Amino acid sequence: MRRLPPVLLEDGCPRELISLIRTILAACKEISFRVGQGELSGVLGSTLDENIQGETQKKLDVLTNQLLKDILLESGYVKAIASEEEDYTVAGNPDAEYIVAFDPLDGSSNTDINSLVGTIFSVMKAPEGADPADQSIFMQPGINQVAAGYVLYGPSTILALTTGKGTRFFTLDKTHGTFLLTQDFAKIPADTNEYAINASNQRHWQPAMQNYINDLVAGDTGPRARNFNMRWIAAMVGDVHRVLSRGGLFTYPTDTKNPSQPNKLRLLYEANPMAMLVEQAGGIASTGTERIMDIQPNAIHQRVAVILGSKNEVETCLGYHK
């Protein structure tokens, strides 16, 4: 099995970008260990604090954010970072070429029940000569990403990574601390009979999504004339990994549950990197009205609707939104 650096070198990745990705993964190896220790590590449960999103922070949210923040800023490879757990961007090396946005522990509410969690990250180039303290350097559409990925902490620790040359899976060899290539060029099947959505919010969805899901639930007695299965892990990283592995549709649509916050997922460090991974594997990633990676951001923690996965099924879903 091949190690990560030679694979990226063959793709023509700049050495500094490879070094940056390896820096991110160094933090993720430590996170994998802490998550794997569970109750033994003393970091399960919640803190008394909330993050900028108004969400109660888990102890592991704080720990994983600090690990990634420290190792990235100390590396010298980043001009600035943006994190789900930071109110504002954090300046790094003024001479660095790259900026990184990340969700340090997606699905952190799952830690207390020993279920799937993961780290999501997005890498872009900073505008030349930009001030590292200027948050506007992150206001770039997802098509500007030079790398995107996640590390899934499950029975094994898996890295899904793209640098624009396809989506690959690497598995952490915990004996040697090395990520090894275990699937070259993931390909999402165009058709599927699986979908992932938080069905408890159905009464709050827009009519288009309600109609689409109702037709899936109707199965072979409805207009789709075949049966579908629903899956829901309650961690985007887990649900998207299933889509990349065997196909499916994942969505967190716009809803009216909280009128001041109609969308759930963050554009910069959740929707954009997942969209790049999915598109590089032959899938589609949309808000329901536009391609996710075409969106011009207007805030660090901007939220968007997400519909992504198998090409033909996503296109069918989008047809309900026209």
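Backbone N, Cα and C atoms are what each Cβ position is placed from, and that goes for glycine too.
The Mg(2+) 1 binding site annotation in Swiss-Prot covers E84, D103, L105 and rests on sequence analysis. For D103, D106, E270, the entry in Swiss-Prot reads Mg(2+) 2 binding site, with the evidence type sequence analysis. What Swiss-Prot records for D106, G107, S108, S109, N198, K264 is substrate binding site.
Structural mapping of features recorded in Swiss-Prot.
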residue: D103; record: Mg(2+) 1 binding site; Cβ contacts under 8 Å, 6 or more apart: S83, E84, T119, I120, F121, R266, Y269, E270
residue: L105; record: Mg(2+) 1 binding site; Cβ contacts under 8 Å, 6 or more apart: I31, K58, L60, D61, T64, N65, T111, V117, G118, T119
residue: D106; record: Mg(2+) 2 binding site; Cβ contacts under 8 Å, 6 or more apart: V117, G118, T119, I120, Y150, A235, M236, V237, E270
residue: G107; record: substrate binding site; Cβ contacts under 8 Å, 6 or more apart: S115, L116, V117, G118, I233, A234, A235, M236, V237, G238
residue: S108; record: substrate binding site; Cβ contacts under 8 Å, 6 or more apart: K58, L60, D61, V117
residue: S109; record: substrate binding site; Cβ contacts under 8 Å, 6 or more apart: K58, A234
residue: N198; record: substrate binding site; Cβ contacts under 8 Å, 6 or more apart: W232, A234, Y252
residue: K264; record: substrate binding site; Cβ contacts under 8 Å, 6 or more apart: Y252, R303
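DSSP assigns D106 (Mg(2+) 2 binding site) to a strand in the three-state reduction. For the Mg(2+) 2 site, the Cβ centre of D103, D106, E270 serves as reference, and the other residues of the chain with Cβ at most 8 Å from it are E84, F102, G107, G118, T119, I120, Y150, M236, V237, L265, R266, Y269. Listed in chain order, the extra residues whose Cβ falls within 8 Å of the Cβ center of the Mg(2+) 1 site residues E84, D103, L105 are D61, T64, N65, S83, E85, F102, P104, D106, S108, T119, I120, Y269, E270.
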